[in-house]
Amino acid sequence: MMYYWRKWMIVVAVTWIQALTGTNLDFSSYSSHLKEVLGISQVQLNYLSVASDLGKALGWCSGLSLLYLPLWGVMFVSAFIGFFGYALQWLLIRGTISLPYVLVFFLCLLGGCSICWFNTVCLVLCIRNFQANRALALSLTISFNGLTAALYTLIANAINPRDDTLYLFLNALVPLLTSIAALVPILRQAPPQPEPASVVRRDSLIFGCLYVLAFVTGLYLLFPNFLSSNILRARILLVGAVFLLVIPLCLPGIAYARDLARRNINFFSPSVGYSGLISVEPEEFELEKELIERDGTGTNVSGMTEISHGVGDKEGCSGKVTEKDMLMELGEEHPAHLLVRRGDFWLYYATYFCGGTVGLVYSNNLGQISQSLGYSSQTASLVTLYSSCSFFGRLLSAAPDFLRDKVYFPRTGWLAIAIVPAPIAFFLLAMSGNEAVLRIGTALIGVSSGFVFSAAVSITSELFGANSAGINHNILITNIPIGSLLYGLLAAVVYDSNGGSSTKVSLLQEATLCIGRKCYWQTFMWWGCFSMLGLASSFWLFLRTRPAYDRIERDRNRTQFSF
């Protein structure tokens with residue numbers, strides 16, 4: 001069937017978009033150069049990273065724009081916003097133009113906003129085309145967003161490994177070219193159609209193959225990338241990376257050929273009517289009918305939803321919600337005014353704020369951290385390491401969906417486990433400043449924060465309702481700019497206070513440079529304590545939500561047993 005071929009083309013297109021538009025993850029690769037060109041302090045540089053994260057708080061605009069623009073139009077608006085924001089910064093850092101600090105702040109804001117618009121496009125595409133397997137589709141595609149910095153590092157090394165300004169050039173141009181490449185699959189996507197249970201199971205197997213391929217891609221970009229400082233070697237590695245990203249293109253053709261062969265073989269089968277269509281078993285038809293009725297309200301505008309567990313109509317959904325109430329049912333719809341009265345939500349907010357956002361702030365400071373410890377030449381490889389490990393963390397967030405039939409464990413419990421590496425990493429970094437510890441700490445923080453970012457999309461939908469998840473998730477991620485400001489300001493103040501006894505350099509203007517472990521030692525201790533608070537919040541959230549997850553699991557097992 002043609003629609004089956006087209007929906008897998010959407011997976012490929014979304015994978016490309018996510019893999020090549022996570023432009024905020026490479027900020028550390030050019031932040032030191034930007035700081036020198038502007039002649040600003042570490043506190044002022046922190047405000048620029050906050051501006052990029054502040055763009056995420058405007059993600060609701062992309063959902064609203066879908067009321068007036070087609071999906072491909074929203075994608076190109078995002079591409080041009082990013083092109084404008086990053087291209088002017090590239091001209092600035094090249095010395096072609098001169099811009100005031102306030103305008104650079106606004107350009108960083110535009111760059112961060114474009115990422116949210118791209119994410120909305122990708123999430124809506126996954127939900128429209130994979131209603132039954134949307135959790136797997138979302139986890140897979142969101143994971144590739146963590147590879148952007150690694151891919152950009154490889155591309156930059158293939159062009160000129162000594163030019164840090166290339167990152168801004170790539171940030172401006174590559175997302176625009178990717179949007180052009182993804183245009184045809186988006187225009188050719190088929191309308192949503194009901195699928196029998198056999199097709200849903202087949203899709204799950206194909207997703208399993210895609211996850212294996214994604215894991216191989218992540219390993220390829222992680223380990224050989226450390227050898228890519230040589231231009232020729234980097235170009236060879238880049239060809240291999242492009243090949244791995246193109247391989248999924250074969251999947252739609254294989255899926256379509258398989259369907260075509262099955263139709264030809266079964267054309268005269270007794271189980272097929274005169275129309276030539278494969279019959280569906282009665283119980284599969286009833287199950288599909290139930291899924292359609294359950295999800296018949298349409299796709300959420302913002303796209304940040306996943307299939308609910310179907311308990312939104314059970315008792316307790318219309319009951320009164322108070323701050324002291326424990327969540328006893330998954331899938332209950334929580335409008336914003338009820339959400340903010342939930343104690344579970346604020347535990348969830350604290351978990352994300354102290355467990356995930358602090359890792360993002362660490363990545364924004366990687367350039368200055370490596371420079372202060374005397375490893376400035378290793379900044380690009382450290383950014384690659386964080387990016388790749390963030391990718392693996394995002395990929396691991398799909399474990400609850402794959403292991404549900406074998407090992408049952410609430411998703412909030414997985415979230416608590418994922419935060420454990422973060423405080424360990426920060427305390428290790430505070431204890432030692434050698435290169436090995438720096439790499440180990442960066443890897444642990446990348447895995448931890450990547451898992452939190454990816455799992456949050458599903459957890460928001462499960463705890464507080466699928467239909468309200470778009471608005472609720474945008475409320476949740478307001479912690480990103482707040483955390484970026486507070487955590488980054490803490491790091492910047494410590495850095496600048498120790499810079500007075502360190503070397504001061506002057507390139508175009510005066511800029512403070514801090515050298516030594518003292519620049520970030522106190523910051524790592526504080527970040528470690530905040531991560532411990534996030535771990536405690538996540539464990540408390542797990543204990544409070546476990547009864548709701550246990551009830552869903554019992555209902556699911558009872559339903560399977562009845563069949």
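Backbone N, Cα and C atoms are what each Cβ position is placed from, and that goes for glycine too.
The domain 'Nodulin-like' annotation in TrEMBL covers 7-252.
According to TrEMBL, the transmembrane segment annotation covers 66-88 (among others).
Summarising the annotation, TrEMBL assigns transmembrane segment to 100-125 (among others).
The transmembrane segment feature in TrEMBL is assigned to 137-159 (among others).
Per TrEMBL, the feature transmembrane segment maps to 165-184 (among others).
According to TrEMBL, the feature transmembrane segment maps to 205-223 (among others).
Here TrEMBL flags 235-257 (among others) as transmembrane segment.
Positions annotated as domain 'NFD4 C-terminal' by TrEMBL: 332-547.
Here the transmembrane segment (345-363) has Cβ contacts under 8 Å with residues 25, 27-28, 49, 53, 334, 339, 369, 383, 386, 390, 415, 418-419, 422, 442, 445-446, 448-449, 452-453, 456, 459-460, 463-464, 476-477, 479-480, 482-484, 487-488, 491, 527, 530-531, 533-535, 537-538, 540-541, 544 of the same chain, all six or more residues outside its ends. What TrEMBL lists as transmembrane segment is 345-363 (among others).
Distant neighbours of the transmembrane segment (375-396): 25-26, 28-29, 32, 139-140, 142-150, 153-154, 156-157, 161, 211, 214-215, 218, 221-222, 225-226, 362-363, 366-367, 418, 435, 438-439, 442-454; these residues of the same chain sit at least 6 beyond its ends, with a Cβ under 8 Å from one of its Cβ atoms. TrEMBL lists 375-396 (among others) with the feature transmembrane segment.
Feature annotation from TrEMBL assigns transmembrane segment to 408-430 (among others). Panel annotation: around the transmembrane segment (408-430), residues 351, 355, 358-359, 393, 396-397, 399-400, 437-438, 440-442, 444-445, 447-449, 451-452, 455, 458-459, 462-463, 520-521, 524-525, 527-529, 531-532, 534-535, 538-539, 541-542, 545-546, 549-550, 553 of the same chain, lying at least six beyond its termini, place a Cβ under 8 Å from a Cβ of the stretch.
Counting only same-chain residues 6+ beyond the ends of the transmembrane segment (436-464), those with a CB under 8 A from a CB of the stretch are 123, 135, 138-139, 142-143, 146, 304-306, 308-309, 327, 330-334, 339, 342, 344-345, 348, 351-352, 355-360, 362-363, 366, 369-370, 373, 375, 382, 385-397, 411-412, 414-415, 418-422, 424-426, 428-429, 472-473, 476-477, 545, 548. TrEMBL lists 436-464 (among others) with the feature transmembrane segment.
According to TrEMBL, the transmembrane segment annotation covers 476-495 (among others). For the transmembrane segment (476-495), the residues of the chain that approach it from at least six positions outside its boundaries are 41-43, 45-47, 49-50, 53-54, 56-57, 59, 348-349, 352-353, 357-358, 360-361, 364-365, 368, 372, 456, 460, 512, 514, 519-520, 522-523, 526-527, 530, judged by C-beta separation under 8 angstroms.
Marked as transmembrane segment by TrEMBL: 524-543 (among others).
When pLDDT values are averaged over the domain 'NFD4 C-terminal' (332-547), the model yields 86.
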